[in-house]
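Everything below concerns the one structure shown next.
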Amino acid sequence: MAGSGVYADIIEGDVFKYYSDGEWKKSSSGKSVAIINPTTRMTQFKVQACTQEEVNKAMETAKKVQKQWAKTPLWKRAELLHKAAAILKEHKAAIADCLVKEIAKPAKDSVTEVVRSGDLVSYCAEEGVRLLGEGKFLVSDSFPGNERTKYCLTSKIPLGVILAIPPFNYPVNLAVSKIGPALIAGNALVLKPPTQGAVACLHMVHCFHLAGFPKGLISCITGKGSEIGDFLTMHPGVNCISFTGGDTGIAISKKAGMVPLQMELGGKDACIVLEDADLDLVASNVIKGGFSYSGQRCTAIKVILVMQSVADTLVEKVNAKVAKLTVGPPEDNSDITPVVSESSANFIEGLVKDAKEKGATFCQEYKREGNLIWPLLLDNVKPDMRIAWEEPFGPILPVIRINSAEEGIHHCNASNFGLQGCVFTRDINKAMLISDAMESGTIQINSAPARGPDHFPFQGLKDSGIGSQGITNSINMMTKIKTTVINLPSPSYTMG
């Protein structure tokens, strides 16, 4: 399905083209980058290895086209976004097929990601019209010592060219979460997709192409991060960077210079379970929060901090549910599918071996076939184990037994991450106090961590990020304030 039908223009031979100047192009490098299917561990797709000169050309065009796009009426911008959203949903099957083959996301979840992405784009259109359609009016005499001789008019104007870098795990959804706000705000956008997920992104970008956006307003540049990564993030034509991924973002933030940054860099999301918690509810949320998409989510539960008095019961309930998880290929909608790469699988295995050497209790036998790792609950994990602190990004979940809520809070806050967390208790007063004490961007009460709905604020503290996402916050972040002051010859008071 990939590269066929309406998508025939985006591929030549067995290599997908990149998108620039409103056209699908082959790179002058003559080189390509292979995309490995996580399930078969064989080359599934190839994409262009773009050059630095091709990056320059995309940036140059984006700068020019953005000036005109900024003068396009808000209603027209919104109209085109709604059209792109409809096309995206119409072709959800082809894009979902790419996700299945590139990142081993279960087929049903892949379709859900595309539909959710269409909804996000439409919401951006609506929210942008509301948000950007209003300005602010200030008068000077509210500040001491001033008469009403100055009228201040403020509005939000675009930043210019946005560089968007989404991660492999939600390449389409986390691309449009940057594209939608950028475009409705009047910006141009250059997309650097992840290698795993690049073809899904190219298919998604073609939907925007079919919607009729101005040529050059959107570019999708594929290639090796080692060759064009730093060149893109340090490019003088970039006016803002929106990045979702791992600790690469820290290096980007140090090199980016004087441009606004929106960064989400992973987490070690803690789940604190008190004695009065509904343990059946906890167990269900642990499965959903810890093992969906094989734990390859920034907002996955990464460590359970459970009170000693209820730990045995909770572990028993979770183990019963783990036993029912299906393991296999994404085409079969298995609960647990292969992790994205061999290097990821090796990293996860290293955490497992460390835990075993240091005495963790294995609730299941550790099993791995290629990139496929069976779900594993590790009980009696201690703070000296790597799994207590590091983000596995896989179906491995540690349980640390605690004797007080304060102990759980301390472990959460001792982490260098601070993305999300959750607390389970029937006492809302305790829940609020614990939420306030946890140094994380979002705390869920009686539910697993989650990104969304997509209009909710989404942010990380500490090494988990810079700034806040969510549709409204992203639109605001991709604009700046412009002020015009009208100076009157004498004070003027309404109806005075």
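Residue positions begin at 1 at the first shown residue.
In case you wondered, yes, glycine gets a Cβ from its N, Cα and C as well.
Sequence annotations record features per position, and here Swiss-Prot assigns substrate binding site to Arg116, Asn169, Tyr170, Arg297, Cys298, Thr299, Arg451 based on similarity to another entry. Positions annotated as site 'Transition state stabilizer' by Swiss-Prot: Asn169. The feature NAD(+) binding site is assigned by Swiss-Prot to Gly245, Gly246, Asp247, Thr248, Gly249. The feature active site, proton acceptor is assigned by Swiss-Prot to Glu264, with sequence analysis given as support. Under the heading active site, nucleophile, Swiss-Prot lists Cys298, citing sequence analysis as support.
Just so you know, of the binding-site residues Asn169, Thr248, Thr299, the Cβ with the fewest other Cβ atoms around it within 10 Å is the one at Thr248. On the backbone, the CA of Arg451 (substrate binding site) and the CA of the residue listed as 'active site, proton acceptor' stand 11 Å apart.
The Cβ of Arg116 (substrate binding site) lies under 8 Å from the Cβ of Asn173, Gly452, Asp454, each on the same chain and at least six residues away in sequence. One residue stands out among the recorded positions Asp247, Glu264 for having the most other Cβ atoms within 10 Å of its Cβ: Glu264.
Excluding Arg116, Asn169, Tyr170, Arg297, Cys298, Thr299, Arg451 themselves, the residues of that chain whose CB lies within 8 A of the CB mean position for the substrate site are, in sequence, Asn173, Leu174, Tyr293. DSSP assigns Gly246 (NAD(+) binding site) to coil in the three-state reduction, outside any helix or strand. Ranking the binding-site residues Tyr170, Arg297, Cys298 by Cα distance from Asp247 (NAD(+) binding site) puts Cys298 first. A coil conformation is recorded for Thr299 (substrate binding site) in the three-state DSSP classification, outside any helix or strand. Apart from Gly245, Gly246, Asp247, Thr248, Gly249, the NAD(+) site neighbourhood in this chain, defined by C-beta within 8 angstroms of the site C-beta centre, holds Phe243, Ile250, Ala251, Ile252, Leu265, Gly266. When the recorded positions Gly246, Thr248, Gly249, Glu264 are screened for a Cα within 10 A of the Cα of Asn169 (substrate binding site), none qualifies.
Within the same chain, residues at least 6 positions away in sequence whose Cβ sits under 8 Å from that of Gly245 (NAD(+) binding site) are Ile165, Pro166, Pro167, Pro194, Glu264, Leu265, Gly266. Taking Cα separation as the measure, Thr299 (substrate binding site) is nearest to Gly246 of the binding-site residues Gly246, Thr248, Gly249. In space, Gly246 is the closest of the binding-site residues Gly246, Thr248, Gly249 to Arg297 (substrate binding site), judged by Cα positions. Within the group of binding-site residues (Arg297, Arg451), the Cβ with the highest number of other Cβ atoms inside 10 Å belongs to Arg297. It is Gly246, among the binding-site residues Gly246, Gly249, whose Cβ has the fewest other Cβ atoms within 10 Å in the structure shown. Counting every protein chain shown, the Cβ of Tyr170 (substrate binding site) has 26 other Cβ atoms within 10 Å.
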